[in-house]
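Straight from TrEMBL, the features:
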- 8-135: domain 'RDD' (DOMAIN)
- 15-37: transmembrane segment (TRANSMEM)
- 49-71: transmembrane segment (TRANSMEM)
- 104-122: transmembrane segment (TRANSMEM)
Amino acid sequence: MNDKLFEYAGFWPRLAATLIDTVILFLFTMPVMFLVYGELYWDSDDFILGGWDVILNWICPLIATVTFWIYRSATPGKIVFGLEVLDAKTGSKLTVSTSIIRYFSYYLSAIPLCLGFIWICLNSKRQGWHDLIAGTIVVRKTQIKEAYKTIPQE
């Protein structure tokens, strides 16, 4: 893959995209959590309250995120900023297995003081640990289209 075809997305646009995704997930899950658990959800010290908590706060975000990566190459937040998540070797859309590996690798990026996310600032391809583990890159979508326009057509 030709690295000159891509403009790698940096830390700040990716952080902003993640914040948008978090707000969207919050707006969808919290009303349901409140309907199911009421005030207990906000007052409890338990990490997990029950089955609905696991489904809404763990399984639904996994399914939504992986689905967006597979079909749109981006979550809603990344779409807003014109970013795409692609396979680092081929530049193609992610597979189901790559998407799942990337999703669970987020936890590895977050656990040690978010160093895996800060790594985005230090890596030449702007890859966090989750990107390195899954073999992915995050690029500006408009940059990809412009780059392909400059490739001679046969």
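Every residue, even glycine, has its Cβ placed from backbone N, Cα and C.
What TrEMBL says about a protein is an automatic prediction, not a curated fact.
Taking H, G and I as helix, E and B as strand and the rest as coil, DSSP gives the domain 'RDD' (8-135) the counts 87 helix, 6 strand, 35 coil. Confidence in the domain 'RDD' (8-135), given as mean pLDDT, stands at 94.
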